Every structure is written in structure tokens, then in C-alpha cells.
Amino acid sequence: MADKEVYDDAVEERVINEEYKIWKKNTPFLYDLVMTHALEWPSLTVQWLPDVNRPEGKDYVVHRLVLGTHTSDEQNHLVIASAQIPNDDAQFDASHYDSEKGAEFGGFGSVSGKIEIEIKINHEGEVNRARYMPQNPCIIATKTPTSDVLAFDYTKHPSKPDPSGDCSPDLRLRGHQKEGYGLSWNPNLSGNLLSASDDHTICLWDISGAPKEGKIVDAKTIFTGHTAVVEDVSWHLLHESLFGSVADDQKLMIWDTRSNNTSKPSHSVDAHTAEVNCLSFNPYSEFILATGSADKTVALWDLRNLKLKLHSFESHKDEIFQVQWSPHNETILASSGTDRRLNVWDLSKIGEEQSAEDAEDGPPELLFIHGGHTAKISDFSWNPNEPWVICSVSEDNIMQVWQMAENIYNDEEPDTPASELEGQAS
């Protein structure tokens with residue numbers, strides 16, 4: 001049995017390497033930007049910060065990212081990194097792409113592309129997830145391997161971590177019994193933070209009136225409707241009292257903080273045929289949300305009629321762990337997970353006619369497959385300032401900042417004969 005596993009692993013590794021070579025060869029035709037950076041340790045989390053710095057006289061703009069570390073028994077850190085992204089003045093030409101250097105040296109389109117670590121703050125154990133507070137992006141909440149949720153104001157910490165390894169968060173949020181991943185700041189109520197946990201509960205804290213001395217904040221409310229690990233939680237983007245949660249009990253639940261019943265959601269739906277790992281509310285359409293599952297599908301929902309699943313997006317070959325709507329386009333969402341692929345979907349193409357050849361690559365709503373990762377994708381983030389730019393991080397320390405070629409989302413014909421494109425863009 002063990003021999004077969006070793007053989008299967010070797011075959012899989014060879015397939016992954018072959019696919020990666022094909023992907024790399026085709027990057028100039030499929031992308032307007034690809035930057036690949038090997039982090040010292042893998043990050044389980046990534047989120048673009050909302051600020052942009054535009055240095056005068058340069059052909060790039062500087063964006064910043066929140067990352068974490070997942071080390072092997074070494075000191076862990078909450079990390080702020082910067083990425084130089086070429087602006088419209090920067091000129092690229094696919095023919096200048098050095099295929100030998102390829103993605104290892106920054107890759108296609110990143111003449112000036114640099115990724116640098118700016119701030120490292122000591123953290124207790126790996127950073128399961130880190131998210132900034134929209135009303136004050138200096139404040140970042142993190143999920144740890146313990147039951148505590150931590151909050152850091154990164155302006156109050158030195159950019160180089162204390163060598164002692166002491167972790168001194170500005171606040172410690174208590175209420176869970178176990179670790180977890182889900183974390184969501186309320187975009188409409190400053191300081192209101194939700195967290196999902198393996199202990200089957202969701203905690204809500206309000207840190208706006210947090211103690212200045214004690215540093216410990218107890219949960220304001222604990223929601224107990226799920227009967228298994230709660231994987232993710234998200235506030236509605238327009239209604240300050242509504243949020244959604246998903247769990248290993250295969251359910252999607254919609255909650256209203258105005259309700260006195262913290263054990264019964266206002267809506268509960270059997271969303272998938274396996275664990276539900278993630279959810280995302282559409283930023284433009286107040287009734288629409290998406291969920292991603294271990295059943296390999298992304299489901300589309302309408303809050304006005306949750307009994308009926310609007311659509312199921314099918315193309316992933318393994319568990320889905322992250323789903324996020326584009327901040328710039330109402331019909332665009334992306335999903336990623338264990339199959340090492342990040343899929344970008346376009347709702348407006350659902351039901352379009354396809355040739356038999358196109359159908360082999362995936363359904364018409366599958367706009368693009370990002371094939372640059374050779375390990376499970378842990379998290380990704382749409383850039384809020386640069387349309388179509390995504391940062392994705394995988395378990396093998398790789399972080400990629402990329403933007404698909406404009407002709408793909410503008411429905412134009414590529415400049416390249418189709419015969420040269422090998423099965424990545426559909």
C-alpha cells in the first residue's frame with residue numbers, strides 16, 4: 001500500500017511540474033502582470049491594504065499587503081509587505097519576456113516589480129487569518145492556533161520584532177474555546193468583529209469601547225446555531241446587523257444581531273453536500289451571496305429565496321476554501337482551494353452557447369483559470385485599487401500578484417493564435 005502511495009505521489013508531482021511548465025510558457029499571452037515571490041515561510045492569509053502610494057516620477061505604484069507566517073516551530077509574525085506594481089506609464093512587451101528567467105525572477109510584466117517585507121510583529125503561533133478594520137486599517141485582527149483572537153495596531157509596534165519573541169497584542173478577544181479561521185469586520189459599524197471557530201460558535205466583539213488598561217475584551221454575543229466546526233463568517237456589506245456563517249454541518253445561516261435569539265438564525269439552509277468552507281456577499285447587489293464547499297462547487301444564493309440555489313459553479317477538482325467577489329465588477333467572483341487553481345467566474349456568461357471544444361475546458365461562466373501555483377492555495381485577495389489584480393498565496397511559500405490579460409475580460413480576440421494557448425484561459 002505504501003509503495004503505491006509513493007508511486008502516486010511521484011506521478012502527481014510530475015504532472016504538477018509539467019502543468020507548471022506549460023503555464024509558465026504561456027504567461028505572456030495569458031497575463032498583463034505576473035509577479036512571483038517566495039516568502040521565507042508560507043502565509044495562510046493575504047489581504048491588500050486600502051492605501052496606495054504613488055511615488056513621483058516612477059513608473060510604479062506601491063501597494064501594501066497583510067500577511068502572516070506558518071513556521072515549523074520557529075517564531076511566527078504578522079507581516080506587512082509592500083508590492084511595487086507597474087503603472088500605465090510602464091511599457092511592457094511580451095516579446096521581451098525572458099522565458100529562461102521566467103517567474104522566479106519576478107516574471108512577466110514586472111520590470112519594476114518588487115515585493116518587500118516592511119513590518120514584522122511577533123505572533124503567538126501561526127496566523128490562521130489576518131484582516132484589517134475598514135474604518136481604521138492600522139488595526140488588524142488575527143486568528144491564532146489558540147482560542148484567543150488578537151488585535152494589533154501596527155503603528156504602535158516597531159517594524160523589527162522584539163528578538164525575545166514576546167507577543168504583545170493591543171487587545172486579546174476572549175470567548176472561543178478553540179481555534180478557527182473565519183474573521184470579519186463590520187464595514188458599517190466600527191469596531192464590530194465576528195469570528196468563527198472549531199468550537200461550533202461565532203463570537204461578536206465590539207472593540208470601540210475597549211478597556212485601555214486590561215487589554216482583554218470578552219465577547220459581546222456568542223451565536224450557537226451550528227452543530228459542527230464553523231468555517232467562515234461574513235458581515236453583510238450594506239446592512240449593519242446582518243451576517244452569514246457557514247460550517248461543516250453543510251449549512252449556510254443568516255443572522256440578525258437585533259434578534260434576541262442567539263441560538264437560532266433568521267435563516268438556515270442546507271447549502272452543499274459536504275462541508276461549507278467560505279462565503280462572500282456581493283458588494284453591488286444586496287441580495288446576492290456565494291458559498292464555497294468541500295463538494296468542489298461554488299453556490300450562488302439570493303437572500304430573498306434561500307430555498308432555491310440560483311446556480312452551482314462547477315470546475316474545481318477538489319475542496320474550495322476561499323471565495324471572493326470582485327470589488328470592481330458586479331458579476332465577477334473568484335474561488336480557490338486544494339486543487340492549486342484559482343478560478344475567476346463571470347455570472348453574465350451563465351447559459352451562453354459554447355462549442356464542444358470550449359465546453360471541454362469548462363462551463364461558459366468560467367472566465368479564467370490561474371494555474372501558477374503548484375501547491376494548495378490558502379487565501380487570495382482582490383486588489384481594491386487596481387481592477388483585475390489579485391494576490392494569491394499557497395502552502396509552498398509562494399505569493400503571486402497577477403492580472404489576467406485585458407482581452408480575456410474584454411471579450412476581444414487575443415493577439416496570439418489560439419493554437420499557442422494551452423488550456424489555461426477558457
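Glycine residues also receive a Cβ, built from the backbone N, Cα and C atoms like all the rest.
The average pLDDT computed over the repeat 'WD 1' (47-123) stands at 80. What Swiss-Prot records for 47-123 is repeat 'WD 1'.
The repeat 'WD 2' feature in Swiss-Prot is assigned to 129-174.
Shown for the repeat 'WD 3' (182-218): DSSP residue counts in helix, strand and coil, namely 0 helix, 16 strand, 21 coil. Feature annotation from Swiss-Prot assigns repeat 'WD 3' to 182-218.
Taken from Swiss-Prot, the feature repeat 'WD 4' applies to 229-270. For the repeat 'WD 4' (229-270), the residues of the chain that approach it from at least six positions outside its boundaries are 180-189, 192, 194-198, 200-202, 204, 221-223, 276-283, 286, 289, 291, 293, 301, 303, 306-307, judged by C-beta separation under 8 angstroms.
Among residues of the same chain six or more beyond the repeat 'WD 5' (276-313), those with a C-beta under 8 A of the stretch's C-beta atoms are 231-239, 244-248, 250-252, 254, 267, 269, 319-325, 327, 330, 333, 335, 337, 343, 345, 347, 350, 363, 365-366. Taken from Swiss-Prot, the feature repeat 'WD 5' applies to 276-313.
If you look up Swiss-Prot, you'll see 319-370 marked as repeat 'WD 6'.
Residues or ranges marked as repeat 'WD 7' by Swiss-Prot: 377-404.
Among 129-174, 182-218, 319-370, 319-370 has the largest number of CB pairs under 8 A with the repeat 'WD 7' (377-404). Secondary structure of the repeat 'WD 5' (276-313) per DSSP (helix as H, G, I; strand as E, B; remaining residues coil): 0 helix, 21 strand, 17 coil.
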